[in-house]
Amino acid sequence: MNPSAPSYPMASLYVGDLHPDATEAMLYEKFSPAGPILSIRVCRDMITRRSLGYAYVNFQQPADAERALDTMNFDVIKGKPVRIMWSQRDPSLRKSGVGNIFIKNLDKSIDNKALYDTFSAFGNILSCKVVCDENGSKGYGFVHFETQEAAERAIEKMNGMLLNDRKVFVGRFKSRKEREAELGARAKEFTNVYIKNFGEDMDDERLKDLFGKFGPALSVKVMTDESGKSKGFGFVSFERHEDAQKAVDEMNGKELNGKQIYVGRAQKKVERQTELKRKFEQMKQDRITRYQGVNLYVKNLDDGIDDERLRKEFSPFGTITSAKVMMEGGRSKGFGFVCFSSPEEATKAVTEMNGRIVATKPLYVALAQRKEERQAHLTNQYMQRMASVRAVPNPVINPYQPAPPSGYFMAAIPQTQNRAAYYPPSQIAQLRPSPRWTAQGARPHPFQNMPGAIRPAAPRPPFSTMRPASSQVPRVMSTQRVANTSTQTMGPRPAAAAAAATPAVRTVPQYKYAAGVRNPQQHLNAQPQVTMQQPAVHVQGQEPLTASMLASAPPQEQKQMLGERLFPLIQAMHPTLAGKITGMLLEIDNSELLHMLESPESLRSKVDEAVAVLQAHQAKEAAQKAVNSATGVPTV
């Protein structure tokens, strides 16, 4: 060990180049002989949970960490040599460039260990890496010395030397900004000219004659294939920049043998790719800005609606620049886009058309979002809800959450103050008779706190008094851990019981329909008038659900009806997460939920997004626990 090495109070090591399947247990087994370990964390992608290829190992004593660094660097774990270095949490020290050198033109056989062994003679190395892709070494690497003096010695002694019979370049590391600045300066003084589109009959001599009038040329080359046939492009290298600039100015765009030739500054492949990428990003940003607030996403479209019909339905709200129904194999995919000329027109269309029945289905209309925006929005919503759950002393449980084998429940997300309190299915079973609701109209108290419901005149009893005195009812602990309980599947609501259980009062609707069937709960004693047969959502073992049935139900029952049909479908995809996902999806508009019940593809897409959000949250919690354990902060 090097006694002059700097002190690292955290005694934390960075372990890179890990095999994707390497786990914390494997790393513990590898590093524990060096000394007592506080914690190990393999860093993973928040969404996919796949290893990012590096980890942190925190020792109790810096001496143990240094021993591991000296004796275990480049040891093999699961067939891959790992790269170990001190964990430097201050990015300014890592990115300063002090002591960092760049080596290029390396032989393919040179790996991290060989590079380390070669340069360790010049001083203490903090990190060393040969850059690789899926095909192996890319021929260059970096060595970061502890001191600038060691780096300068390495440059002086090794630059131009042979390494595995190849002459290597060793120089000071330059940041991308520095390299781009140098590249820009060189570009202004270019002497090499690129010419293309001159046909197959051009050779070196003709090209030299064509460009020789602008000044003396160092070299002229027409690129050819194996048979000696011209590829249609070539290069001319002038002695002076002024001659090259004059050739570009005069020859670019001129006709040669009936073809318009291109003449410009010769660029390296990296330069061309960078410029193309910048142009593409600029075009993408311009397109996003142009359509911001004017492009609408329309789904739950009837199969008979085409581009013309879609344009016709939305044309009363303003000037439409484009209307497109997405097709697959000549059949509608059930969604499309309408682009207006101004944000005001688009906003008006969303307000008027969202929920309106066109043909046989209620439309879902919203401003179009990119996939990244939707996922970011969902993730943000979920994180906010979880934060509010932790703030609640006794969170209540989602009614669609089954009792998993582990005995852990996910607390329901508290909504606005007038939303219903959710209970576990076993509690709901205790609070009501075996049928869902009796013919006498008795309804359990927990649902009386939903929007639009009539609250009793008497003061509502406290939450604790509403819990039946039964040992079978689980107590909701602050840690969200409860005993394993049996769940009762909630069946469909019979029509007669629904009518008897619903008070004949005016309530605020949560769902919007066309004039013929809009707000039917304002006249609950009359039969809703539906002019055409509406498609019904069939879930095995349950009553078919149509848009008119949903509209005729009071607002507080609509989510319940949708949830009972969503839960078994989601349970078939993700049995252990069905309750959490159902609770998340019930936050979506009713029209979109109906469409998801009719379209398995749409449902699966939303379920996948919800799963991604859950995984991201779990990853964040796991990372927080790892940080807490490393710093000694107790976790709750």
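Even glycines carry a Cβ here, placed using N, Cα and C.
In Swiss-Prot this protein carries:
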DOMAIN    11-89  domain 'RRM 1'
DOMAIN    99-175  domain 'RRM 2'
DOMAIN    191-268  domain 'RRM 3'
DOMAIN    294-370  domain 'RRM 4'
DOMAIN    542-619  domain 'PABC'
MOD_RES   Met1  N-acetylmethionine
MOD_RES   Ser315  phosphoserine
MOD_RES   Thr319  phosphothreonine
MOD_RES   Arg432  omega-N-methylarginine
MOD_RES   Arg436  omega-N-methylarginine
MOD_RES   Arg460  omega-N-methylated arginine
MOD_RES   Arg475  omega-N-methylarginine
MOD_RES   Arg493  asymmetric dimethylarginine
MOD_RES   Arg493  omega-N-methylarginine
MOD_RES   Arg506  omega-N-methylarginine
MOD_RES   Lys512  N6-acetyllysine
MOD_RES   Arg518  omega-N-methylarginine
REGION    166-289  region 'CSDE1-binding'
* To do: Using the structure shown, find which entry in Ser315, Thr319 (the modified residues) has the sparsest Cβ neighbourhood within 10 Å.
  => Thr319
* Does the domain 'RRM 4' (294-370) make contact with the domain 'RRM 3' (191-268) through 3 or more Cβ pairs under 8 Å, each pair 6 or more apart in sequence? -> no
* Hey, would you say the domain 'RRM 1' (11-89) packs against the domain 'RRM 3' (191-268), going by three or more CB pairs under 8 A that are 6+ residues apart? -> no
* Using DSSP, how many residues in the domain 'RRM 4' (294-370) fall into helix, strand and coil? -> 22 helix, 32 strand, 23 coil
* Asked: Which whole number is the mean pLDDT over the region 'CSDE1-binding' (166-289)?
  -> 88
* **Structural state census, the domain 'RRM 2' (99-175) (DSSP three-state)** => 22 helix, 30 strand, 25 coil
